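To keep things clear, I will list the structure first and then write my remarks on it.
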Amino acid sequence: MTNIRKSHPLIKIVNESFIDLPAPSNISAWWNFGSLLGVCLILQILTGLFLAMHYTSDTATAFSSVTHICRDVNYGWIIRYMHANGASLFFICLFMHAGRGMYYGSYTFMETWNIGILLLFTVMATAFMGYVLPWGQMSFWXATVITNLLSAIPYIGTNLVEWIWGGFSVDKATLTRFFAFHFILPFIISALAAVHLLFLHETGSNNPSGVSSDSDKIPFHPYYTIKDILGLLIMLMVLMTLVLFSPDLLGDPDNYTPANPLNTPPHIKPEWYFLFAYAILRSIPNKLGGVLALALSIMILAIVPLLHTSNQRGMMFRPLSQCLFWLLVADLLTLTWIGGQPVEHPFIAIGQLASVLYFSIILVLMPISGTIENQLLKW
C-alpha cells in the first residue's frame, strides 16, 4: 500500500512542498526568511481577525474602539501590540529576504522574483491602510499626505484622489473602505505567496554558491524543518521581547492623539519601514518627480535581472559587487534615518545624495562591477 502522504491528492501537495522537497545541502540561514514570512503572515491574519472582532471602522468610534481593545478586552493589549510589532518584523524579514535574493542572484528565477515584487507592493499597501485604522493624528495625516500624492498624476489626478477618499477629504468613507481593503488584502497575499512558492518549486531553490545543486540534494524534512523552527523561535523571541518590554518603540507618539483635521502635526512621517521611500520622495522638489521616484524606488527591482552582467550568479565570489551591495544596504539605512528627520539643512542634502546613490548603485555601478569582474577572471 502506498503511503497516504504520497498518494492523497491534498496531503501529496504538502508532502512535495515541505517534506520530500529536494533542497540544496548548502543553503544558509539567509534561506530561513521565506518560512518566517509565512509564519508572520499567519500571525498577522490571526491577530488581525481577533482585532477586527472588536474594532469599529467609524471616524467617531475608531480611536476609542482601539483604546477599548487595549483596556477592556481580555488580552486585547497583547493582540494589538503583536499585530503592530508583527508588521515591523514582517518588513524586517521581507527586506532581508529580498536582499538575499539580490545578493545571491535569486532574481534569475524571473517568475518567482516578479511575484515577489508584487507581494512587496501588496504588503506595503496593506501596512499603509492598517496604519490609518487606529485613527490617531499620524493615521489621519499620513493617509491625507500619501493619498494626495496621486493628485500629481496629470489630468486624472484630482478625480482619482477624490474617488479613493470617497469625498473631498479623508473621512468616514475613507476609513471604512481602508478597513475593508486591509481585511481582504492578506488573503490575496496568501494566494500570491502560494503562487510564489509554486514557481519556486518549478526550478528548485538557489544556493549560496550560485551553481546548480541537482547532484547534491537532501530532503527538506527533517533537515530544514528543524533549521526553520530555530529561526522561528528566534523571531518569536524578538517579537515577544518587543511586545512585552517596549511595545511603542517603533510607533509614533502622535498616534495616541485622536485624529484632528484642524491640527497638523509638526512632522508627518510614515512607519519606519516606509521611511527610505519617503526620503526618496522628499528629496525631489517637484511633486510629480517625487512620486515617480517613490514608485521607481521599488519598481527598480523588476529590472535588476536585466542588469545582471556577471558570468557568475551570486556575489559569493565577487568582492567588487559585494562592496557595492553593502554600500547599498548602508545607503538604505541612511535614507531610513533621513526620512524620519525634519526637512531642513543638512538633512535635505544628505537625502538627495543618498537618493542619487541608491539609483546609481543599482542602475550603473552594479552592472559595471559585473563587467569588470568578468574581465578580471579572464586575466
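Here the Cβ of each residue, glycine as well, is placed from N, Cα and C on the backbone.
Summarising the annotation, Swiss-Prot assigns transmembrane segment to 33-53 (among others).
What Swiss-Prot records for 77-98 (among others) is transmembrane segment.
For HIS83, HIS182, the entry in Swiss-Prot reads heme b b562 binding site. Counting only residues at least six positions away in the same chain, the Cβ atoms of GLN44, THR47, GLY48, LEU51 sit under 8 Å from the Cβ of HIS83 (heme b b562 binding site). In the three-state DSSP reading, HIS83 (heme b b562 binding site) counts as helix.
Annotation comment: Swiss-Prot describes HIS97, HIS196 as heme b b566 binding site, evidence class similarity to another entry. In the three-state DSSP reading, HIS97 (heme b b566 binding site) counts as helix. When Cβ atoms from all protein chains are considered, those within 10 Å of HIS97 (heme b b566 binding site) total 20, not counting its own.
According to Swiss-Prot, the transmembrane segment annotation covers 113-133 (among others).
Marked as transmembrane segment by Swiss-Prot: 178-198 (among others).
Secondary structure at HIS201 (ubiquinone binding site), taken from DSSP and collapsed to helix, strand or coil, is helix. HIS201 (ubiquinone binding site) counts 14 other C-beta atoms within 10 Å of its own C-beta, drawing on all protein chains shown. Here Swiss-Prot flags HIS201 as ubiquinone binding site, drawing on similarity to another entry.
The transmembrane segment annotation in Swiss-Prot covers 226-246 (among others).
Among the features that Swiss-Prot reports, transmembrane segment is placed at 288-308 (among others), with the record citing similarity to another entry.
The annotation transmembrane segment is assigned in Swiss-Prot to 320-340 (among others).
The transmembrane segment feature in Swiss-Prot is assigned to 347-367 (among others); the stated evidence is similarity to another entry.
Of all the Cβ atoms in the protein chains shown, 21 others lie within 10 Å of the Cβ of HIS182 (heme b b562 binding site). Between the transmembrane segment (77-98) and the stretches 33-53, 113-133, 226-246, 320-340, 347-367, the greatest number of Cβ pairs separated by less than 8 Å involves 33-53. DSSP assigns HIS196 (heme b b566 binding site) to a helical segment in the three-state reduction. For HIS196 (heme b b566 binding site), the same-chain residues that are 6 or more apart in sequence and have a Cβ closer than 8 Å to its Cβ are THR112, ILE115, GLY116, LEU119. On a Cα basis, HIS97 (heme b b566 binding site) lies 17 Å away from HIS201 (ubiquinone binding site).
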